[in-house]
Structures are given as structure tokens and as C-alpha cells.
Amino acid sequence: MASIDIEGIRKSFGAFPVLHGVDLAIRDGEFVVLVGPSGCGKSTLLRMIAGLEEVTAGDIRIDGKRVNDLAPKDRDIAMVFQSYALYPHMSVADNMSYSLRLRRSTKEKIASAVSGAAAKLGLDPLLERRPRALSGGQRQRVAMGRAIVRQPKAFLFDEPLSNLDARLREQMRAEIKKLHGDLRATSIYVTHDQIEAMTLADRIVAMHGGVVQQVGTPLDLYDRPANLFVAGFIGSPGMNFFEGRYLVSGDHADLKLENDVTLPARRVGGIESGEPATLGIRPEHVVITEGGALEGRVDLIEPTGFGIIMHVTVHDVPLKVFTLNRAMLNPGATVRLDLPRDKLHLFDGEGRRLG
Amino acid sequence: MTHAAHHPATKPFRKRFADAAEPYLYSAPALILIVAVMLVPLVLGISYAFRDIQLLNPFSGRFIGLDHFRALGQDQAFFRALRNTLWWTGASVFLQFVFGLILALLLDKPFAGRGLAQALCFLPWAVPSFLAGLNWAWLFNPVIGPLPHWMYAFGILDAPNNILSDPQLAMWGPIIANVWWGIPFFAITLLAALQAIPRDLYEAASIDGAGPVQRFISITLPFLAPTIAITILLRTVWISNFADLIVVMTNGGPADRTQIVASYIFTQAFKRLDFGYASAIALVLLVLLLVYSLLIVLLRQTLLNKD
Ligand SMILES: Nc1ncnc2c1ncn2[C@@H]1O[C@H](COP(=O)(O)OP(=O)(O)OP(=O)(O)O)[C@@H](O)[C@H]1O
Ligand SMILES: [Mg+2]
């Protein structure tokens with residue numbers, strides 16, 4: 001178990017910069033999830049921590065010790081790959097015990113570590129099989145087992161569940177969470193699946209274009225996204241945005257859209273009247289009510305079973321609404337909507353959060 | 001009436017015949033081709049081994065049973081050639097393999113100018129064997145080649161002489177030429193096999209705590225094993241039959257010190273013009289190589305089945 005400190009990490013492949021100065025302090029035993037769209041540099045950052053990529057600039061410390069120039073084998077970390085990377089010519093048991101055999105652990109120690117991990121992951125009946133003879137989910141478990149047999153300082157996961165079907169992913173997600181609860185090992189988990197990020201993380205690191213956008217607990221990111229990127233990335237269906245000008249009148253504020261329609265906004269600091277701003281509201285926070293201030297034209301209804309996603313147009317601006325009200329399966333041509341002020345998010349012209 | 005009674009019986013018979021013959025008719029073209037091109041010459045060649053065939057003797061050609069093989073059992077030159085063949089084949093294959101593997105491992109790592117280096121390394125493969133033999137014979141010749149002088153300067157030789165005329169060292173001449181000429185074969189096939197190994201296995205192993213040597217032993221070698229087995233089989237059979245370099249560089253000399261079975265067959269057939277005896281030797285070589293191949297194939301099967 002160990003803390004991991006990342007200071008001013010940069011990475012370029014040749015002249016092509018991928019990471020632009022990442023700072024991150026991960027506490028002992030913490031479960032940190034890196035999320036972001038494809039190509040934002042999550043895997044690169046993880047592989048640098050593992051020692052599989054050179055560090056262009058900055059420092060990585062594990063347990064206070066600088067590891068920039070240490071080989072992967074000397075960092076005492078374990079990694080689960082997206083492709084699992086199981087050794088195809090070794091049995092499941094040999095795959096799991098490989099790291100212990102390299103460390104010349106005693107036979108008894110290896111046997112007990114392997115059987116302990118196998119029991120945790122339900123791999124007992126498969127120990128003599130080759131990876132080729134396993135299903136995708138079983139391979140995934142073996143990859144996890146290989147990581148947990150030796151107690152490393154930290155676990156690194158690179159999209160470990162992305163090759164599984166939805167049901168299995170859900171199940172493994174819960175198992176990973178349970179395992180972390182048992183082992184309390186420092187873990188860094190890369191995914192672009194925001195449900196995984198929200199459910200697993202102690203803290204989420206949202207990345208975009210090689211820059212960390214926000215670090216915080218899942219609810220921090222959901223309730224108070226630091227900028228437009230995080231606001232749009234976290235949550236499904238995604239947040240609705242309206243662009244316009246921020247107008248203050250007394251202790252009251254509005255957003256004036258391009259087409260001169262005004263929407264109610266909140267009074268916040270850090271922005272002058274007349275400056276450009278973006279208003280955001282999550283689909284689940286839009287209220288459908290008889291006396292709503294806005295009129296929306298219904299374009300499309302998407303029932304998800306649990307609830308209903310309605311695509312409506314308000315003053316020529318598309319808006320998504322999520323409701324649990326089954327009556328909305330057959331709405332009229334129009335609905336009346338309200339945007340509750342306390343659920344509004346405001347962003348300035350640069351996309352930074354206000355208030 | 002008889003006709004009517006007969007008719008239903010013939011039709012099923014014809015049909016039955018057609019059904020039975022169908023697979024043979026489909027495969028007939030391929031079978032005829034194989035028999036004509038491969039089996040007929042093979043059987044004829046084998047039959048020579050049991051006949052007295054001397055090109056300059058018009059009265060030869062009768063069947064003599066196992067006489068050739070009895071003579072072979074007494075033929076000291078043949079046994080010496082057999083020992084030389086083992087030596088020539090073993091040393092050539094081993095060195096070609098070792099250097100080919102090293103070259104493949106070096107070419108597997110990315111570096112600037114790798115494409116050019118690969119092309120250059122594979123060049124010897126394109127050189128005709130007779131040209132390679134002549135070239136190396138000249139290199140070993142102290143009058144025109146630099147090698148004896150270099151080896152003398154390094155203290156490998158007592159004097160800058162031609163190793164091809166030294167009975168103790170002569171075999172090394174063709175072996176060195178053969179190694180130079182055959183490295184690309186191993187390098188190409190092993191490089192292809194190396195590049196098929198998923199890179200993330202190496203990454204996983206290095207995170208598991210394996211150093212370069214342990215990664216080589218526990219990942220590279222198991223992945224290469226089937227390729228190694230089959231290439232060594234092919235090369236062994238091929239090199240033990242390969243007399244070009246020896247014929248060009250030493251012609252079996254000095255004092256038969258570099259005579260291998262293949263060049264001995266050549267000598268018997270085309271110098272002494274005793275085709276029968278040459279065929280008998282060839283038959284023995286064929287049987288030995290078949291046994292060897294069978295062993296390697298079995299080894300490979302067990303290796304593959306272990307997975
Ligand atoms: N070896 C490499 N050489 C050059 N560019 C690379 C290399 N590896 C990654 N990149 C580039 O670095 C950027 C970040 O890649 P990275 O694999 O970290 O993305 P990611 O966030 O993990 O994306 P994904 O979610 O698709 O896995 C990408 O633009 C990619 O093209
Ligand atoms: Mg990735």
C-alpha cells in the first residue's frame with residue numbers, strides 16, 4: 001500500500017505532446033478513476049506510472065520515492081490490461097503465480113497466495129486450464145487474480161471491463177468494488193465509462209486533451225462540475241446547455257439567448273452584466289409542470305424502461321428532459337417546463353464554472 | 001420382357017459405379033500428377049540402388065539385390081563421409097540458428113534505419129550458392145584474400161595459410177561460408193515469429209517482475225519453439241543434402257577431409273559414373289533423414305500438444 005504523487009508530468013511522443021503538466025496526489029488506499037474521452041492521455045498517464053512509458057518531464061513518486069528511472073519490475077505495482085495479456089502458454093495457476101515464482105517465494109507461500117486469490121475470484125475449478133479455454137469474463141478474473149496474488153503497492157487498471165458484455169461488466173464492477181473494500185489497496189482505474197467512474201471512485205480525475213479538468217468525489221463532479229467539459233461529460237443523458245449573455249437586473253439575473261429569449265438564471269459573482277455565459281441544466285432536473293414558464297415542442301420520446309428521455313425544442317434550442325412520469329410516453333405536441341434556479345449551472349465565456 | 005426386367009438392375013449398377021468412382025475421378029488429376037512427377041522418379045531412383053548401373057559399361061543394368069549395401073558396409077570412405085556430414089550439418093545448423101536468432105532479436109527492436117538494416121541482413125540469401133562458395137574460397141586464399149592475414153594477426157592461425165588446404169581446419173571453410181549464407185533464413189523466419197508475439201505480454205511480464213533474460217525465457221522462447229523446431233528440421237535436411245559450397249570450395253579435399261555424403265554421392269555418380277552405387281548411398285541418406293524428420297515432427301507435436 002502506498003501513496004502516489006504525480007508532479008508536473010508531461011509526455012510527448014516525438015514532437016507530439018500528449019500530456020501537458022498533470023499534478024495529482026493519490027492517498028494510500030484510495031481508489032482513483034481517470035475518465036475522459038478517447039485519446040485524452042489516460043492510458044499514457046497510467047503506463048507512465050507503471051514504468052512502461054518514459055517520462056518526458058516531471059516526477060512520479062510512489063510512497064515518497066521517486067520512481068521515474070525505475071524499471072517496471074522494481075516499482076512493485078500490478079496492472080490489469082484491457083487485453084488481459086495473459087500468458088497463453090501457461091495454465092491459470094501458472095499465470096497467477098508467475099510474479100511470485102520470479103520473486104523466488106516458497107512453494108507453500110505461492111500455493112496459499114494462489115488458492116486465496118482463486119477463492120476470492122471463483123477461479124478454483126479453472127486453475128489447470130489454459131487462457132485459451134476460458135471465456136472473456138473468466139480471463140478477466142484471471143487477470144485480476146494475477147494482480148492480487150502478490151500484495152503490490154498499487155493496482156493499475158486500464159479499461160479492464162471494456163471487453164465484457166453489459167451484464168458481466170456490471171457484475172465485475174461490483175466485484176472490483178468489493179475487492180477494493182477487502183484489500184484497501186491504492187488503485188488507479190482508467191475508463192471512459194462514466195458509470196464505472198461514478199460507482200467505483202473515491203475520487204474521479206476528469207481529463208481532456210492531456211489536461212486534468214477536475215479532481216473530486218463523484219458527487220462533486222456531478223453537482224459542481226468545474227467547467228463545461230466536465231459538465232457535459234459526466235451524467236447521462238448529458239447536460240443541456242444554453243449560450244447567451246448574462247444580464248443582471250437588481251438582485252435578479254437572466255440569460256439572454258441569441259434569439260432574444262431570456263431564461264431565468266442565478267445571481268453569481270465573477271461575471272459582469274452583458275458578458276457571454278452558458279447556462280446548464282441536467283435533463284433529470286428539468287421539471288414538467290402545468291404552470292411552467294417555458295413551452296417546449298416535443299420532438300422525440302425515448303423510453304428507457306426506468307424512465308423516459310424526451311427531446312423537446314424550447315425557443316429553437318434543443319433540450320433533453322428525463323422524467324419518471326409514465327404519462328409522458330404520450331404527451332401532447334407541447335409540454336410546459338420549468339428550469340429550477342437552484343439546479344442551474346452557470347459557466348463564463350471561457351467555460352469555467354461560476355458560483 | 002427380359003429387357004424390361006434387366007433395365008432396372010443396370011441403372012442402379014451404373015449409378016452405383018458412378019457414385020463409387022466419383023471421389024477418385026475428382027482426385028485423379030492431382031493423383032496422376034503426383035505419381036508421374038514425384039513417385040515415378042523416386043521409385044526408379046530407388047530401383048537403381050538394387051541394380052548394377054555403370055554409365056560406361058553397356059553390359060551393366062542387371063538386378064544385384066543387396067550387393068551395393070554390402071559393399072557400403074565395408075566402405076570406409078562412406079563412413080568418414082557420414083561423420084563429416086554430421087559435423088558439417090550440426091555445426092552449420094547450430095551456428096546459423098544462433099546467429100540468426102541474435103540477428104532477429106536485434107532487428108525486432110525499433111531503431112533508426114531498421115528497414116535498411118533488414119534489407120542488408122537478408123542480402124546473402126539472394127547470392128547464388130556457387131558464387132558464395134567462390135567468394136569465400138577467395139577470401140580464405142592468402143594470395144588474394146585478407147582473412148588468413150587477419151586470423152594470423154589475431155593469433156588464430158600460426159601462419160597466414162589457406163585453411164581450406166589444412167586437413168584439420170578445412171571443414172571450417174565451407175561451414176563459415178554456409179553460416180554466412182544461411183543466417184538470413186533463420187533471421188527471416190524467427191523475426192516473423194517474434195513480431196507475432198503480442199507486445200503487452202512483455203509489458204505484463206515486466207510488471208510481474210521479469211528482467212530481460214526472464215522475459216526471453218518465459219515468453220519469447222515458448223512462442224518461438226514451434227518455429228524453431230520446424231526451421232531446424234528443414235535446415236538440417238537441406239544442409240545435409242547441400243554439397244554446392246563444398247564442391248566449389250574444397251571439392252571434398254584435402255584427403256577427403258571435407259567429403260560429406262552428398263558430395264560423395266556426387267563423386268560416385270559423376271566422377272566414377274557408378275549410378276547404382278550412388279543410388280544406394282542416396283537411399284541410406286534418405287532413410288536416415290526420414291528417421292530424423294520423424295523424430296523432430298514428433299517432438300514438435302508434443303510441444304504443441306502441451307498447450
Ligand atoms: N506510442 C505512441 N506514439 C505516438 N503517439 C501515441 C503513442 N501512444 C499513444 N499516442 C497518442 O497519445 C494520445 C493519448 O493516447 P492514450 O492511449 O493515452 O489515450 P486514452 O486516453 O487511453 O484513449 P482511449 O480511451 O481510447 O484508450 C493519443 O492521441 C494517441 O494517438
Ligand atoms: Mg487507453
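Even glycines carry a Cβ here, placed using N, Cα and C.
Residues or ranges marked as domain 'ABC transmembrane type-1' in TrEMBL: B:82-296.
For B:24-50 (among others), the entry in TrEMBL reads transmembrane segment.
Proximity of distant same-chain residues to the transmembrane segment (B:86-107), defined by a Cβ-Cβ separation under 8 Å and at least 6 residues beyond the stretch ends, is recorded for 114, 117-118, 121, 171, 174-175, 178-179, 182-188, 190-191, 194, 220, 228, 231-232, 235-236, 239-240, 246, 258, 260. For B:86-107 (among others), the entry in TrEMBL reads transmembrane segment.
Residues annotated as transmembrane segment in TrEMBL: B:119-140 (among others). Sequence-distant contacts of the transmembrane segment (B:119-140) (same chain, six or more residues past either end, CB-CB distance under 8 Å): 103, 107, 146-148, 162-164, 173-174, 176-177, 180-181, 183-185, 187-188, 242, 244-245, 247-249.
Here the transmembrane segment (B:175-196) has long-range neighbours at 88, 91-92, 95-97, 99-101, 103-105, 107-108, 118, 121-125, 127, 129, 132-133, 135-136, 220, 223-224, 227-228, 231, 235, 239, 242, 245, 249, meaning same-chain residues at least 6 beyond its ends whose C-beta is under 8 angstroms from one of its own. TrEMBL lists B:175-196 (among others) with the feature transmembrane segment.
Under the heading transmembrane segment, TrEMBL lists B:216-239 (among others).
Among residues of the same chain six or more beyond the transmembrane segment (B:275-299), those with a C-beta under 8 A of the stretch's C-beta atoms are 45-46, 48-55, 60, 64, 68-69, 71-72, 78, 85, 229-230, 232-233, 236-237, 240-241, 261-262, 264-266, 268-269. Residues annotated as transmembrane segment in TrEMBL: B:275-299 (among others).
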